[in-house]
Every structure is written in C-alpha cells, then in structure tokens.
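Visitor: Submitted below is the structure of interest, expressed as structure tokens.
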Amino acid sequence: MKLNDVTRGTGLEEHGIINANLIYWTPPTAVLYEQIVERGEGLVSHLGALAVKTGHYTGRAANEKFIVDEPTSRDHINWGKVNRPFDPEKFDSLYKRMTAYMHGKDLFIQDCFAGASPKHRLPIRVIAEKAWHSLFARNMFVKATAAELENHKPRFTVIDMPNFHAVPQIDGTNSETFIIINFAKRLVIIGGTSYAGEIKKSIFTVLNYLLPHHSKVMSMHCSANTGEKGDVAVFFGLSGTGKTTLSAAPNRSLIGDDEHGWDDDGVFNFEGGCYAKIINLSKESEPEIYETTRKFGTILENVAIDTISRRIDLNDDSFTENTRASYPITHIPNIVPSGMGGHPTNVIMLTCDAFGVLPPIARLTPEQAMYHFLSGYTAKVAGTEAGITEPQATFSTCFGAPFMALHPSVYAELLKAKIARHKVNCWLVNTGWSGGAYGVGSRMKIGYSRALVNAALDGTLAAGQFEKDSVFGLDIPRACPGVPGEVLNPRNVWADKAAYDATAKDLVEMFRKNFEQFKANVSQEVACVL
C-alpha cells in the first residue's frame, strides 16, 4: 500500500482480518495527530509533544509474555520463567477471537523495518487499534520509503489490541493481558495493555531469536556511539546504570540508544527512534533529551500535564516513575543518520553497584568480559515504602534477560568471538556508590564517570598503568585525568576497611551463586573468574 492510503475493510485478508472499517495505511505523523486528538486518545502539549496515558499498565507486563511452543522453534528457545510456553491450539483460538473483535473497527497500519542494516533488516507490520500506538511504531522503527512501501511484504506482524481481553480460563493466559510470540506464524499478538513499550520489546525479542539463530548476528541490549575518527563504543547496561546518559556525548555521534546488532560489517541500530525515561529530566543534566519533550512528534507517556495551559511537569510521578518519551532519533542532534557504524573499539559494561565495592572503572580480560556479560549485574535500592534500605543485587543475563529468547551462551559465544576477532577493549564501569554502600557512601559523580569513559575511549587509560584488585581480580587504572586518584580503588575511600572487605566478599558470593547456572556452558577460565 502507498503512504497514507485509506481502505474500507480491505487489504488485511492475509492476516485473517476481514470486515474492518477504515484501514489507515502508514499514515504520517500529522495525520496520526489529527486522529489521536479526534478520538480523545491524547492531548497536544505546549510546543507540540503528545501527552497520553497508558492506563493500568505503566510498564511491561513481564508475567503475561509467552512464546508459542511449536516445532520450528521449540528446540532453540531457552524455556523458563522468562520464555513461557503457550499452547498452539490456544493461540489459534485466541487469534480467531481477536480477528472477530476487529470487525467494524478502524485500524492503523505501519509498514516499516526493524534494523538499519539493509542486509539484516526485518520487514514488519504493526496493526493497531489506537492511533497513538501507530505513532509509537512510526517513531520507534525504521521508516520505509515511498518506493519500499509499494512492495512491502512483512516477515513479522504485530497485532496490538489494548481493549481486547483474554479469558484466562478459556485461553490459558495468566490474566486478561497477553503478549504472545508465534515464530511459526511470524506473528505477535498483544491484548489487555496500552503500554506501548510492549510493541518495541516484542520485536526486540523476535530479533534476539532470528538474528543470532539464523544469521549469526550478535543482538545486543545496548547503546552505541562513534567518535570523530570512526571508533565505535558499545554500552551494555540495565535500566538506571547510565547507558543513555554516558552514550550521549558532545564529541561523539549517537548510533542508537537501546538495541543493536553486530554483524560482519559492524554495529547497526535495530530502531529508528528512542524510548527514554524522563522522570525528573532537566534541561541542565540532559539538554538533548529534554528538548525532545518540546517537539512535535514526541509521545509523552504518563507525564503530568496541566489540561488548561497544556504545560507538562517532568518531575511529577503521580501516574508512575516510569514516565517515557518516544521520539524519532532525528529529534536528537549529533546522530549517525544511517544507524550503522564499524566494529567496536571498546565495549563498556555498566553497573550501578549500590554496595559500593566495585571500582569506578576496570579493564576486563576476554574471560572477565564473558563472566560479567553473562552475569548482567547491577544493584537496586528498594523504595522506602517497603521499609527496605539494604541494596538488592540484580542479575539479568546479557544485560537484558527478559528479551533473550535463546540460551545466554549463544549470545556469549557470539560476543566472545567478536571481541577476539576485532581485538576489542572491554571495560566495567560502576556508576553506583563510592565510599560505602547506599546509605553510607555517595553516588559516583557523573562527571567522574564521564571522565573515566572518555579516558577509556580515547586510549588514555590503556596507555597508563594498572593495579590488580585483590577481591574481584580486576585491573584498576592508577590515574585518570579529572578523577581524584583515591577514588579509583574503592577500598581506599571506605573509612571502615574491614566493612569494605566483608561487603566485597559478600558480593563475590552473590556472583558465584548466580553463575552456577552458566558453568556447564563456559570454559574453565570463564567459570573461575570469581
């Protein structure tokens, strides 16, 4: 179909969808704005961003995600708490009810691509009942040109119906909400949730299955940027570790902020947009992202808005702390328009260690890099409402466990091979606490973290001297421009050295306990890192 075509009930027969009312084919942003306002789905805020509410779900419904247990993918999926099996017959029955639900409804289609690389991009189609979800898909995925739309044949389709609910007793779901991926039918169905992030992350899960399994392309939950000389850096990290902040640097161009592939040519963005957390966002700390909240085309999820003045309050968490902005990457200055870069020179693994015992930066051997990649460690501090003040260790393998469909060892082996082949420098960066655990020490200054990352990327650290950390076996630099020397070794800034030793030992034990699950699939050298 052409850009902004409208048909009455025709064009979706291949998906089993007949008798829909108006079908809007890849409508542009301005048309979607008109539809969103007309249908009461959102408000246009001061300076043009669109404010919407997601209702009951203000984040991913992790317990409602399934993968259909069918012969083509059954033996490759890493089944467990994350990848739950779903009965094929139940899927077919649920899907038939969904298609019946769409009778007489207006639908919004976005035909686009997942992946910036022409070699590996996946043609996709997003069919949505909400106009703002169609705008979200338009923002987040790679847009097709007018010529490409003429012959667009989706290889995966997302059908997103927030107002359609499952019946758990009949459908075999856990609740009325569901996100189900069917690799045999190349289909994702979503119902019972208006949280748009489910669209993005379901396609990420699809790519995390297809690319490593079929094309030996490393799929990564990471940000990436490139320097003036073309040197690429990849930043792995869980939420809250500084992935977006540290990859946004004035002297480097952004390739992408969240999802990437690494093939024989280099790194490429999976997306055409960004989905940034914006709670307490300020113009001073994050000027580029702040400006996107004032731009036409940006979607502001669950952000407080004055309905009279239409001004937004980014500090208001009345609806959720997980307020988000979805915007095309072109809203950000200093980007790589192609979404592609060369092979990484540096890989940085970010952690926010609330125990305060990991160094602010350390050089990793290839074996240590594998260990920390498989561990995916960070630490969180629970909210005061729960009465918990002690840090809690979190391990999310490959820095993105909820989205990894294959066994973690598949991704680890791909990363190991690429690090070796391209002689990549690997670093562990702790953006968490220093001088003591949470409640005693203080958060690492962002200025120090930026200086350390810059020194790693420009070669300053590699050219200097290192000392061996006695607890974690890490190489710690002896000096870094712009960072006090005593900060570099975490033990030095703890007033109570015995407390440091005990806390560090406890964290080592947490690492070891978590890593037991991987020992059978790694070399002895990796298994014995800690």
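For all residues, glycine too, the Cβ spot is worked out from N, Cα and C.
Grabbed the feature section from Swiss-Prot, which reads as follows:
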BINDING   Arg60, Tyr195, Lys201, Arg324  substrate binding site
BINDING   Lys201, His221, Asp258  Mn(2+) binding site
BINDING   Lys201, His221, Gly237, Leu238, Ser239, Gly240, Thr241, Gly242, Lys243, Thr244, Thr245, Glu286, Arg324, Ser449  ATP binding site
Visitor: Tell me, by DSSP, whether His221 (Mn(2+) binding site) is helix, strand or coil?
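Guide: In three-state terms, His221 (Mn(2+) binding site) counts as strand.
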Visitor: Please report how many Å separate the Cα atom of Arg60 (substrate binding site) from that of His221 (Mn(2+) binding site), as a whole number.
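Guide: Rounded to the nearest whole number, the Cα-Cα distance is 16 Å.
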Visitor: Under a three-state reading of DSSP, tell me whether Arg324 (substrate binding site) is helix, strand or coil.
Guide: strand
Visitor: What are the sequence-distant neighbours of Ser239 (ATP binding site), meaning same chain, six or more residues apart, C-beta distance under 8 angstroms?
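Guide: Listed in sequence order, they are Lys277.
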Visitor: Go through the binding-site residues His221, Gly237, Thr241, Lys243, Thr245, Asp258 and tell me which ones have a CA within 10 A of the CA of Arg324 (substrate binding site).
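Guide: Final answer: none.
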Visitor: An 8 Å radius from the center of the Arg60, Tyr195, Lys201, Arg324 Cβ atoms defines the neighbourhood of the substrate site; name the other residues of that chain inside it, in order.
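Guide: Surrounding the site, in chain order, are Gly59, Ala196, Gly197, Glu198, Lys200, Tyr275, Asn322.
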Visitor: List the Cα distance (Å, whole number) between Lys243 (ATP binding site) and Asp258 (Mn(2+) binding site).
Guide: 8
Visitor: With a radius of 8 angstroms around the mean position of the C-beta atoms of Lys201, His221, Asp258, what other residues of the same chain does the Mn(2+) site pick up?
Guide: Lys200, Phe204, Glu259, Gly400, Phe403
Visitor: Within 10 angstroms of the C-beta of Arg60 (substrate binding site), what count of other C-beta atoms is obtained when all protein chains are considered?
Guide: 19
Visitor: Widest Cα span across the substrate binders Arg60, Tyr195, Lys201, Arg324, in Å?
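Guide: Farthest Cα pair among residues binding substrate: 14 Å.
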